[in-house]
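TrEMBL annotations:
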- 11-467: domain 'Major facilitator superfamily (MFS) profile' (DOMAIN)
- 12-33: transmembrane segment (TRANSMEM)
- 45-65: transmembrane segment (TRANSMEM)
- 77-103: transmembrane segment (TRANSMEM)
- 109-127: transmembrane segment (TRANSMEM)
- 169-192: transmembrane segment (TRANSMEM)
- 204-221: transmembrane segment (TRANSMEM)
- 227-250: transmembrane segment (TRANSMEM)
- 271-295: transmembrane segment (TRANSMEM)
- 307-328: transmembrane segment (TRANSMEM)
- 335-357: transmembrane segment (TRANSMEM)
- 363-386: transmembrane segment (TRANSMEM)
- 407-428: transmembrane segment (TRANSMEM)
Amino acid sequence: MTTSSTRRWSAFAVLLVGAFMPPLDFFIVNVALPSIQSTLHASAAELQLVISGYAAAYAVFLITGGRLGDLFGRRRIFLIGVTGFGLTSVICGLATSPAVLILGRVLQGLSAAAMAPQGLASIHALFPEKERARALGLYGAAVGLAAVAAQALGGALIVADIFHLTWRVVFLINLPVVVAVLIFGLPLLPDVRGDSPAPVDRTGVLLCALTLGLLIVPLVEGRELGWPWWACAMLIACPIAGVAFCKYEVAYARRGGMPLISVALIRRPGLLSGLTGVLFFYVVSAFFLTFSVYLQAALGMSPLETGLVFLPFGVGAFIGPLTTPLAIRLFGDRVPAIGMTLEVAGCALLAALVAGAPGQMPAQFPLTAAVALLGFGQGWALPTLVRSIINRAPVTGSGMIAGITNSALQISAALGVAVIGGVFFSVAGTAPDPLSLAKALVVAMMCVGGSLAVSAVLSIVASRSSIHAAARATAR
């Protein structure tokens, strides 16, 4: 390996760590929620905001983070994002109230949105064509591994109780990692900018954030506070803000600007229905929240034991993508829908197991099968769904559609926690016992399965719309 090649791959290793941290910190907190609740006396709504606040901030500013890298240099924005991620991890780890923890998580999501897009963009600058595919494959594997490792790692850290920090260690563990990334990133990472960077659509970002905030905050807080007038007012204002956002984006594009979301682009055949399907797809995030609470609060499992129960999901999610080339040859565009159908089956099996023995640990083999089925279905559906949507976009718009799709996934995760998490805690009640928690989990799994079924149908509709549009274009 030459010196330049060694330097390239060393820089890539730094970027891999940057790719690993944002999804890791989204998933790792799930196993810490019961401990957080008891220490900070957090309400169920505040627990939901710990997760959905991070995901929403990450989603809204993800595209903007990529634009900032194009404008000011990817190395600079990456290192700023890493620094911010470390500082906000300290805020989270030292939080003495739910409000401070939620604020820290929102700021952490913003930092992740600055950090994450720079990795993929820098790969194209670092590697020649023949090495790029390998680098992209490793990058994708790192992101997938983060979701796999998060639950078990979080459980192990809490049980180890390093320096008696309990749940705080899942945030403070980021500090040495951030310091290492800064030490090696400063000399190794190239400072690359976009060829023709477009200015940031600041008004579009604010309107998008406002729309999402007007939806998520009342959905999470309204239930617990008895639906006060302001929660209802926010829900009424949400579609108004959404319409204003769309109108502004259209006008901004007509003036020659690069909008956050091109309304004209997503109207293309197969794109609107496909992206709508994405919003229903990643609600599987609610599975991690609700099942983790059930395992610890109803069955008395430790965080480590809880993390180990989730391992079959990670194994399935790892194996699934490895078999997608064969699946695509066999089933073509139906692979995303088939993957989601497998996830629906996993939800149904898990719901049946819990309903059959409420408040008791299900039999090991069927439980492992249900969780693995969810993971394997996710491994089939996620990469093929994203690829199918990007492939429907014109070449000039593929980058924007990729960014919109990634943002839609994070919005879906935030909404899944807000809506299905809210349903779970409503059914469980204010003083939940093992039986009420079992009932709540069954209802939550039915909601997750129903949402995945809707996403599967929309995936098929999107595929057929694209085929019909291509046929009409050929006929002309």
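Including glycine, each Cβ sits where the backbone N, Cα and C put it.
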- Query: How about the transmembrane segment (77-103) and the transmembrane segment (307-328): at least 3 CB pairs under 8 Å, pairs 6 or more apart in sequence, or not?
  - Reply: no
- Message: Could you check whether the transmembrane segment (109-127) and the transmembrane segment (335-357) come into contact, where contact means at least 3 Cβ pairs under 8 Å with the two residues of each pair 6 or more apart in sequence?
- Response: no
- Query: Are there 3 or more C-beta pairs under 8 Å linking the transmembrane segment (271-295) with the transmembrane segment (335-357), counting only pairs at least 6 apart in sequence?
  - Reply: yes
- Counting only CB pairs under 8 A, let me know which of 12-33, 45-65, 363-386 has the most with the transmembrane segment (307-328). 363-386
- Mark yes when the transmembrane segment (169-192) and the transmembrane segment (45-65) have three or more Cβ pairs under 8 Å (sequence separation 6 or more) and no when they do not. no
- Task: State the non-local partners of the transmembrane segment (407-428) in its own chain: residues 6+ outside its ends, Cβ under 8 Å from one of its Cβ atoms.
- Result: 26, 44-45, 47-48, 51-53, 55-56, 58-60, 62-63, 212, 215-216, 219-220, 223-224, 275, 278-286, 289-290, 293, 386, 436-437, 439-441, 443-444, 447-448, 451
- Query: Near the transmembrane segment (204-221), which residues from the same chain, at least 6 beyond its ends, have a CB less than 8 A from one of its CBs?
  - Reply: 45, 48-49, 52-53, 56, 59-61, 64, 230-232, 234-235, 237-238, 241-242, 244-245, 248-249, 252, 259-261, 411, 414-415, 418-419, 421-422
- Note on the structure: Within the same chain, the residues 6 or more beyond the ends of the transmembrane segment (271-295) and with Cβ under 8 Å of it are 26-27, 30-31, 33-34, 47-48, 51, 55, 151, 265, 301, 305-306, 309-310, 340, 343, 347, 350, 354, 374, 378, 381-382, 385, 388-389, 392-393, 401, 404-405, 408-417, 419-421, 424, 437-438, 440-441, 444-445, 447-448, 451-452, 454-459, 461-462, 465
- Confidence over the domain 'Major facilitator superfamily (MFS) profile' (11-467), expressed as mean pLDDT on the 0 to 100 scale, is 88
- Task: State the non-local partners of the transmembrane segment (12-33) in its own chain: residues 6+ outside its ends, Cβ under 8 Å from one of its Cβ atoms.
- Result: 47, 50-51, 54-55, 58, 78, 81-82, 85, 89, 105, 108, 112, 115-116, 118-119, 122-123, 126-127, 135, 138-139, 142-143, 145-147, 149-151, 153-155, 158, 167, 170-171, 174, 177, 180-181, 184-185, 188-189, 285, 288-289, 292-293, 296, 303, 306-307, 413
